[in-house]
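What follows is a short report on a single structure.
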Amino acid sequence: MSDMRKKVTIPDILKMKQERRRITMMTAYDYPFARLVDSGGVDAILVGDSLGVVFSGHDNTLSVTMDEMIYHTRAVARAKPQAVLVTDMPFMSYQVSVEEACRNCGRMIQEGGAQAVKIEGGMNMSHVIRAVTSIDIPVMGHIGLTPQSIHRMGGYRVQGRKEQAERIMEDALAVQAAGAFSIVLEGIPSSLAASITAELSIPTIGIGAGPDCDGQVLVIHDILGLCEKYSPKFVKRYAELAPVITDAVNRYVEEVRSGAFPTEEHSFN
């Protein structure tokens, strides 16, 4: 599909909200998965700092570095996806100063090949988003459950219940006013996500935020059943590939040990 459809752009994403067409976003951290995800027809590919957990085996995203994000973004960009390519800005790459944030976001575009960056935070990061968008780098916001703030939040907990709801609505409005072209809503009640989506003119993309967002994002490894250690409530598994892969490796091991592989078919004369 990636060779037949036209390139998705930032204006296309904005137009999708206006036309009430649902936006689809999926993670990819490397070249092979980028090709597969793009062939599936998603509108946006996210090189998420979730790679720290999913790809590298850490307990959270806080150890992911700029160099790691650039490396993975370059790998995904080589797939030349028709989907718009968005990359997470990792922890401490944009919090220190506006100047450093702009420089690092510029690196992600220039060195990584991203077409947009994602920045976590609401009112507290609106000045950073405003500065980055002012130098023509598209920014996707991210509010609610922000994984880079897990220590303050006390872990991966649903946000926006009771008195928190008003603050998260204010965060959403601040991110929009700062110039973001879209915003991820993570781990918030579906009723709050619906209210934010109705209030904003920019698209909302939900993950654990219910069905009323303008779009949805999930981690590719989660939907394929490759992350066996955990399965959040908001994840739907569309395949169970872990046992398929394990079985293939087991059969390879057995055939090598028994002498059944390689055969003449797999040998050179």
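From the backbone N, Cα and C atoms, a Cβ is placed for every residue, glycine too.
Remember, predicted model here, so these are calculated numbers, not experimental data.
When secondary structure is read from DSSP and collapsed to three states, Lys118 (3-methyl-2-oxobutanoate binding site) falls in the strand class. In sequence order, Leu46, Gly48, Val86, Thr87, Asp88, Met89, Val139, Met140, Gly141, His142, Val184 are the residues of the chain that are 6 or more apart from Lys118 (3-methyl-2-oxobutanoate binding site) and have a CB within less than 8 Å of its CB. The 3-methyl-2-oxobutanoate binding site annotation in Swiss-Prot covers Asp49, Ser50, Asp88, Lys118.
Feature annotation from Swiss-Prot assigns Mg(2+) binding site to Asp49, Asp88, Glu120.
All protein chains considered, the CB of Glu186 (active site, proton acceptor) has 23 other CB atoms within 10 Å. The active site, proton acceptor feature in Swiss-Prot is assigned to Glu186.
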Per-residue Cβ crowding (10 Å cut-off), top of binding-site residues Asp49, Asp88, Glu120: Asp88
C-alpha spacing of Ser50 (3-methyl-2-oxobutanoate binding site) relative to Glu186 (active site, proton acceptor), in angstrom: 13
Rounded inter-Cα distance in Å - Glu120 (Mg(2+) binding site), Ser50 (3-methyl-2-oxobutanoate binding site): 13
Same chain, 6+ residues apart, C-beta under 8 Å of the C-beta of Ser50 (3-methyl-2-oxobutanoate binding site), given in sequence order: Thr27, Thr61, Asp88, Pro147, Val219
